[in-house]
């Protein structure tokens, strides 16, 4: 009697894919773009195929894959099933370099809410401005610095290990007399801050031994009649932009010699007694703005320099508008009217054009991407959705033109990849594309308390400021901490 035959193994299901990319240096030859792959393959397996010797032979570049504008986050078979497609369907996979997931690194403790944060490194704007002006002023590895501003009215300089190197003096010694709302490095030895005392202040920063430093006020700038809630700087020209609750955009010089005299009626001694004038132990030069333009009908919430043309600025306001401003003439060049109050603004450079793409954070929990060119056919290019409260801070990636991070009152920072976009649904207005976050950064202070669920509105853990540097993502907020998240190895759980 013949032995029973064993069942033959079932054939492995396969799917035909076509690999495409928009990155010329990673393009496959035409003959290698179509391939049959296992239906149960995921992102990691596809990435290994592309890195193999017979394909790109790139070794270890981690890739993500877009199908119809959305990242593949399952097996190809599961994607086909969830979209009602058969295994006979040919899938076009656009491969892109993966973003590195941000991993919690550390927190820097403060006495009060952290309103602003900035980073000084070899690749940060201030670091590049410093090295361009003087090669000996270049920031060396291990000498990076973090700047924080707090509602206690103080600035602090930290090293990368979380030790305070310098603290600004109090109001009676030349510092701010109310909460600070914004602060940035101008260069490696100079910085600017602004706040609820309606002033902009310029500081000289010195270090003697890399362990201790000093912040000395060198200039007080007067002109705004409301809280100064936003600040941007250009270290090359030593110019400062501000946005204020008084609806005005301010344009200032950080150089005492080139700044005009201030309006005497706005100086702190204009309406106080002689006895009170004598309370400050420090005498600091006082100057006015190069330009102060009341161009908004509601509080101005943001003002930024054009990343390529520093004679152009963009401003945002609770009056729903983004305005393009010619800083040489003080004239508004164009006005874009959106549908919600705007609370933050950032610019992403674009290849092939001198005009940036603007990201505007709104009170309606989303981010609107807009083209500021007056000739643009549509105002809104894309909408980034995912936050559950106001979006009050934005920072572009230091390494590419397609990603940014946002900070929100919902208690999170979210990382966005503009290469991933889907059509808007009817409920979303059916206009333009929609992108969703690729990573969500929670406040570690909330998680460390053993809380299983963060309040949807972010009560107790609101984020007020975020900046993205090659060192990592630094954010500050209501939990009285600067939180540091760094990128490490690419996520591998999707193998």
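Placed from the backbone N, Cα and C atoms, the Cβ positions cover glycine too.
Copied from Swiss-Prot, the annotated features are:
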- 15-97: region 'Ubiquitin-like (UBL) domain' (REGION)
- 129-168: repeat 'WD 1' (REPEAT)
- 175-213: repeat 'WD 2' (REPEAT)
- 223-262: repeat 'WD 3' (REPEAT)
- 264-295: repeat 'WD 4' (REPEAT)
- 296-337: repeat 'WD 5' (REPEAT)
- 386-426: repeat 'WD 6' (REPEAT)
- 458-495: repeat 'WD 7' (REPEAT)
Most Cβ pairs under 8 Å with the repeat 'WD 5' (296-337), selected from 129-168, 175-213, 223-262: 223-262
Contact ranking winner - 175-213, 223-262, 386-426 against the repeat 'WD 1' (129-168), Cβ under 8 Å: 175-213
Tertiary contacts of the repeat 'WD 2' (175-213) (same chain, 6+ residues out, Cβ under 8 Å): 115-116, 118-120, 124-127, 129-130, 133, 137-139, 143, 145, 147-155, 157, 159, 165-166, 168-169, 219-222, 224-233, 235, 238, 240, 242, 244, 250, 252, 254, 266, 268
Model confidence over the repeat 'WD 7' (458-495) (mean pLDDT, whole number): 82
Per-state residue totals over the region 'Ubiquitin-like (UBL) domain' (15-97) - DSSP helix, strand, coil: 22 helix, 25 strand, 36 coil
